[in-house]
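Engineer: Sharing a structure below in structure tokens format, with a few things to ask.
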Amino acid sequence: MIRYLLPRQLAKATAMPSGTETVGAFASAIAESFDRAAHQLRRAGWLSLPISLLGLLPSIFLLQVYNRVIARGGTATLTAMVAGVLFFLGVEWWLRRRRARALREAGAIIDRDVSQALMHSMLRHPLAALEQRSSSQWLQLFRDVSAMRSGMSGGLATSLLDLPMALLALVVIGIIAWPVLPVILVAMLIMCALAWWWADEVRSGRVEEIAQARMLDRGTAEICNARATLKVLGYDAAARQNWQSGYDRWLAESFGKNGEMENAREASTVLLTLFSIAVITVGAIAINAQWMSIGSLMAVNLLSGKALGPISQLASNWRSLAHANEAARRLQAVLEEPVEAMTDTVDLPRPQGRLRLDQASFHYPGGHVALEQASLEIGPGGLHAIVGRNGAGKSTLAKLLAGLYQPTQGRIFIDEYDMAQFPRAELGRWIGCLAQQVYWFSGPIVDGLRMVNPDADDHKIVTACQISGAHGFISRLPQGYQTVLGEGGAGLSAGELRKLALAQLFLRNPSVLILDEPSNDLDFESETALLQTLRQIALKHTVIVVTHSLRVASMAQHLYHVRGDGGIEHGSPQLLLPQLFGTAREPAAPAAPAASATSAAPATPADTAPHADHPAVAQELAS
């Protein structure tokens, strides 16, 4: 964090080691936030000068009381001096408030700008990069922003700004009591040496207690996320033991380091008292030698605290500086990572939905090959199923087709367009995806549905829910579409959440629909209805389904077998199903009679599978 406070030329020189290239669009976000906060920081610095001058007034007041008021009995002088000191103390209080506000404003600007940059960077990270960090790690990065703000607006900044007062105090001491000046200088050197010795975390660039706390937070978050699984499987004792060991490591580190900081504070207090005694002792000798007055000695005793106080406070705030520096380095490393481009594109006609892989390969960072020089063409239109064993790369292929992963080599096309040229927002309008795990934001159901299509009217929302099968259970809720769900869709079953996610997908009406295990968590009737709906939609849209289900695979028109060795086998269900599942293709279930597309009648038993009861609704989407 310190380098962002340097002049611009020095900051650039210390920004990164030579040979390092910044590739992230947000790499300069922290430096720019400090630039925007520079006005408030300069104002706080300028306000510190009069504050430092006014901080000398009590010492000068004490000097004049001893030398003039007591020695000469000047009561009128004392009254005037008290009035003046009270006035200037009020001015100092006002200036300190202004300085504290300037520091708070600077901290708020940095917090807002860096938090926004981090949020935008996270949302624009490629999916592969997002998957490398857990949600708790991203949350810890946002806490790092708060650590930077605390470093700018807390006691650390105040102690740094009070350092000029120490220099002014030395000048005044040299004028009014030069015999004790060497004592003060020696005391300052000792305090500086001890402060540097206590700053081991600043020198090492790592706060071990914070590192242990981050690991503890990560483990706690995992246990909180898996609380239901732990209860069901009954192995909470092992989880509790792992958490306890992590907690004990953090507590031991925190206890030890806090003990060191307490020792530093107590030692500073004792040393300040010792230095005060030394000043009085040397001053008494100087008074006996008539080198200075008693008033000068009393004033110097106060001034020595002004000279040594900022250094002592700085030593107590080393941990805040180390924490802020470490947080800034972590944030800078994340903000320098490459993100998805936000380039402007020409308004192209809606694609027909033909996907093509041209010698495409994909390797995981560890070297595992998921796809090796694969070439295939899917669509336009039709129902296509991707099958294969667990871990073979089915979901990876689906993410490549959706543009969520970029091939290691080769290209992927949608119609005649190379997908690499389009930003994610543009591809999202053409290719809709349903992931294996569904997450639902808290709030009313209708607001969650409108997140993907803010312009959707009530008719479109109801139609999409009828197609997905969600309309039936929504109609039975006391508040209907205004029902407020908790975090992650708390209040609904996994199957109901999957139907809502399907409704979101249908609301966007993309040219290509890619569904990863869409029948998971669905009952038999809902799965039957979903398959009938997908067959209707596949008349005008390209529908790709990743599945382990023989029933779903048998309904497809084309099968793509991901072998797990980088190859893909393409064929008809009649050809591949006996090889993969050991059975022939299942006959398709007959379609149910048609019903009204916009009906919102009270729920009936058929509401459990509204797709099959509303083929006209599916036909509306297909058209």
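In case you wondered, yes, glycine gets a Cβ from its N, Cα and C as well.
Per TrEMBL, the features are:
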type	residues	note
TRANSMEM	46-66	transmembrane segment
TRANSMEM	78-95	transmembrane segment
TRANSMEM	156-177	transmembrane segment
TRANSMEM	183-199	transmembrane segment
TRANSMEM	270-291	transmembrane segment
DOMAIN	355-589	domain 'ABC transporter'
COMPBIAS	587-609	compositional bias 'Low complexity'
REGION	587-623	region 'Disordered'
Engineer: Checking distant contacts: for the transmembrane segment (183-199), what same-chain residues at least six beyond its ends satisfy Cβ-Cβ under 8 A?
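Structural biologist: That would be 166, 170, 173, 260-261, 264, 267-268, 271, 275, 278-279, 282, 300, 304, 307-308, 311-312, 314-315, 318, 321-322.
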Engineer: Can you work out which residues elsewhere in the same chain, 6+ from the ends of the transmembrane segment (156-177), have a Cβ less than 8 Å from its Cβ atoms?
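Structural biologist: Apart from its flanks, the transmembrane segment (156-177) reaches 44-45, 48-49, 51-53, 55-56, 59-60, 63, 99-100, 103, 184-185, 188, 283, 286, 292, 296-297, 299-300, 303-304, 306-311, 313-314, 316-317, 320-321, 324.
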Engineer: Which bits of the chain, at least 6 residues beyond where the transmembrane segment (270-291) starts or stops, bring a Cβ under 8 A of a Cβ in it?
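Structural biologist: Contacts of the transmembrane segment (270-291) (Cβ under 8 Å, skipping residues fewer than 6 from its ends): 177-180, 183-184, 187, 190-191, 194, 297, 300-301, 304-305, 308-309, 312.
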Engineer: Express the predicted model's confidence over the domain 'ABC transporter' (355-589) as a mean pLDDT, rounded to an integer.
Structural biologist: 85
